[in-house]
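Trainee: Dumping the structure here so I can ask a few things about it.
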Amino acid sequence: MRPGLPSYLIILAVCLFSHLLSSRYGAEAVSEPLDKAFHLLLNTYGRPIRFLRENTTQCTYNSSLRNSTVVRENAISFNFFQSYNQYYVFHMPRCLFAGPLAEQFLNQVDLTETLERYQQRLNTYALVSKDLASYRSFSQQLKAQDSLGEQPTTVPPPIDLSIPHVWMPPQTTPHGWTESHTTSGLHRPHFNQTCILFDGHDLLFSTVTPCLHQGFYLIDELRYVKITLTEDFFVVTVSIDDDTPMLLIFGHLPRVLFKAPYQRDNFILRQTEKHELLVLVKKDQLNRHSYLKDPDFLDAALDFNYLDLSALLRNSFHRYAVDVLKSGRCQMLDRRTVEMAFAYALALFAAARQEEAGAQVSVPRALDRQAALLQIQEFMITCLSQTPPRTTLLLYPTAVDLAKRALWTPNQITDITSLVRLVYILSKQNQQHLIPQWALRQIADFALKLHKTHLASFLSAFARQELYLMGSLVHSMLVHTTERREIFIVETGLCSLAELSHFTQLLAHPHHEYLSDLYTPCSSSGRRDHSLERLTRLFPDATVPATVPAALSILSTMQPSTLETFPDLFCLPLGESFSALTVSEHVSYIVTNQYLIKGISYPVSTTVVGQSLIITQTDSQTKCELTRNMHTTHSITVALNISLENCAFCQSALLEYDDTQGVINIMYMHDSDDVLFALDPYNEVVVSSPRTHYLMLLKNGTVLEVTDVVVDATDSRLLMMSVYALSAIIGIYLLYRMLKTC
């Protein structure tokens, strides 16, 4: 509720109180009432006035002197120093100071403050005009809208890629459901707290308002970024040590009230058509926040229509986040991370304003926007929070309701990309129990399609975007383990040396629109064996590109901090080098250079002295158990030929290793087509070399050496395909002869 006239009178009274003279000289006087207040100029002649009921004094009133009673039962006096022996005296009705609200305000004013302390306080905080001198105003028109229109995905798919349609089982359509959804409240987080903001702050009166808090603690309790979101504004609090934190306050700010002698104008750093940015920082902290003096500080966040949520995410948050990630500034508090945190808070603020547009939005577009909001929250936690994170996740009940209702409506979610976002929203809102198995099955099939599409080509920006979302799903759910294991092995198989090399080249490009442009499947995969030291060993004669350390830094930042969603892998120490391969529903392989986990191990004998390679097979239903001791071992069988009959070699992994350097590449082969592709000599996946060997890790727990294998492609399926192809060729030839004779 906004304060009424009585509240504003109380605020006025408090402001007058804060001007109260701290010297020993005071006076009290009354005159004729003017709008329930009294105003006199009083001469004291160098003596204090005693506050007695019948005390009188000589007052100047209309250029004449007269004696007047200075005490009234229904009034409280305020005395302000004008000049030597002269004070301005105000009377305010006593009733304004009764009640808890008045008590709250009065408790925030130090009536015993000395003049010296008052003057010291004047010089404590930085003023924009004096200490920062970087004020800027922006005149762009602000309007809640969506520049992507009805585009169902942020990054559109390539023209030549067919997007699978979603099959949904027959269900009952909820009553009142429509194919479009109003934007009202859709992207507004639940305000589940009542906050007392600015409590105890030197400059601001506290205010009570519905809000939500979100904190990102970098190292300890002293280094953090906090976001406080209210209906009208947000606050970014930046703390570097135990001193008073810096505050960035942005929005519609009539309820942000300053204590005297300060005014809002003293602290306005940026100003737009509808909103203001206040910065409150102590002068002795300016050396740590010197970026506040930069004239382009926050330009990328405020110099366009930031109420356009899609444009804001692209032009502001993703721009800042990409810069932070490429420069390795996560877990640091500097200009880059502060701008990113501000852009994140601004995105939450703008998303809540979407309801002002009052427009209808399609379900796919609404799901994409909501998934984008949750994805930037996930990145903020990944980049800024300590491990394990303590950040409170924001809840979006209206968006969750939309996702649930869409699941009940046949043919409402038409393509797989919308289903990916719907499931992502439910998983990130702690609604895993609502995700049906058929939904994750189709998402896993989509991951396999991307895998097959990019077996012989680099990942597109669209594929990186989709794999980014699916990789997060894998590590944020406990249900539907079979489908999640399939997505996990796809991400692992796509994490090849070729992908890592291409990824480092991408980092050399100066412009990336979205965080997903910097995503590689290696971030969510089971490959934990990539390091600068290992790459240097693999390519001793090559010059390491300057972007390789940045690529490895991004991997370190983006990789999950645990594998706890997989029962047979959760105990693996993530600080050590290994590869985890979930090749099938029941079988996993862990490839290491030492004994690391309990299971059936296959020691590789064809390595040089001093090098070891151990492949351990585990059951997906067996609880992970860490061990450094030798345990059950089996020998590796040498295979000279492979038959594709019955797809016995499907759902397997092809592992390439070097005698001296260990694992080089791992390729996942889901079906017979993948096996043929891998073993076809024209594709140069398996290359004959005296130092290079190839192992096939099968879905039944068997490990084969296939370095010199011959593929028997006589299975019935391939034979039928050959017959069909030959028939098609003959048919085309006959058609050609007929047309030629006409």
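Positions of Cβ are set from backbone N, Cα and C atoms, glycine also.
Sharing the feature lines straight out of Swiss-Prot:
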- Cys195-Cys211: disulfide bond (DISULFID)
- Cys330-Cys383: disulfide bond (DISULFID)
- Cys495-Cys522: disulfide bond (DISULFID)
- Cys571-Cys624: disulfide bond (DISULFID)
- Asn55: N-linked glycosylation site (CARBOHYD)
- Asn62: N-linked glycosylation site (CARBOHYD)
- Asn67: N-linked glycosylation site (CARBOHYD)
- Asn192: N-linked glycosylation site (CARBOHYD)
- Asn641: N-linked glycosylation site (CARBOHYD)
- Asn700: N-linked glycosylation site (CARBOHYD)
- 217-280: region 'Interaction with gL' (REGION)
- 1-23: signal peptide (SIGNAL)
- 24-719: topological domain 'Virion surface' (TOPO_DOM)
- 720-740: transmembrane segment (TRANSMEM)
Trainee: Which secondary structure state does DSSP assign to Cys211 (disulfide bond), in the simple three-class scheme?
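Mentor: Where Cys211 (disulfide bond) sits, the three-state DSSP reduction gives strand.
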Trainee: Say you check the Cα of Asn700 (N-linked glycosylation site) against those of the recorded positions Asn192, Cys195, Cys211, Cys383, Cys522; which is nearest?
Mentor: Cys522
Trainee: Same-chain residues six or more away whose CB lies under 8 A from the CB of Cys495 (disulfide bond)?
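Mentor: Long-range Cβ contacts: Thr520, Pro521, Cys522, Ser525, Arg527, His530, Ile666.
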Trainee: Under DSSP, is Asn641 (N-linked glycosylation site) part of a helix or a strand, or is it coil?
Mentor: strand
Trainee: By CA distance, which of the recorded positions (Cys195, Cys211, Cys330, Asn641) lies nearest to Cys624 (disulfide bond)?
Mentor: Cys330
Trainee: Compute the average pLDDT of the predicted model within the region 'Interaction with gL' (217-280).
Mentor: 93
Trainee: How many other Cβ atoms are found within 10 Å of the Cβ atom of Cys211 (disulfide bond), counting all protein chains shown?
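Mentor: There are 20 such Cβ atoms around Cys211 (disulfide bond).
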Trainee: Under a three-state reading of DSSP, tell me whether Cys522 (disulfide bond) is helix, strand or coil.
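Mentor: For Cys522 (disulfide bond) - judged by DSSP and reduced to three states - the answer is helix.
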Trainee: Including all protein chains displayed, how many Cβ atoms other than that of Cys195 (disulfide bond) lie within 10 Å of its Cβ?
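Mentor: Its Cβ has 19 other Cβ atoms within 10 Å.
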Trainee: Out of the recorded positions Asn192, Cys195, Cys211, Cys383, Asn641, give me the one sitting nearest to Cys571 (disulfide bond) by CA distance.
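Mentor: Going through Asn192, Cys195, Cys211, Cys383, Asn641 one by one, the closest to Cys571 (disulfide bond) is Cys383.
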Trainee: Give the helix, strand or coil assignment DSSP yields for Cys383 (disulfide bond).
Mentor: helix
Trainee: List which of the recorded positions Asn192, Cys330, Asn641 have their Cα within 10 Å of the Cα of Cys211 (disulfide bond), in sequence order.
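Mentor: The recorded positions passing the 10 Å Cα test are Asn192.
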Trainee: To the nearest Å, how far is the Cα of Cys383 (disulfide bond) from the Cα of Asn641 (N-linked glycosylation site)?
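Mentor: Between the Cα atoms of Cys383 (disulfide bond) and Asn641 (N-linked glycosylation site), the distance comes to 49 Å.
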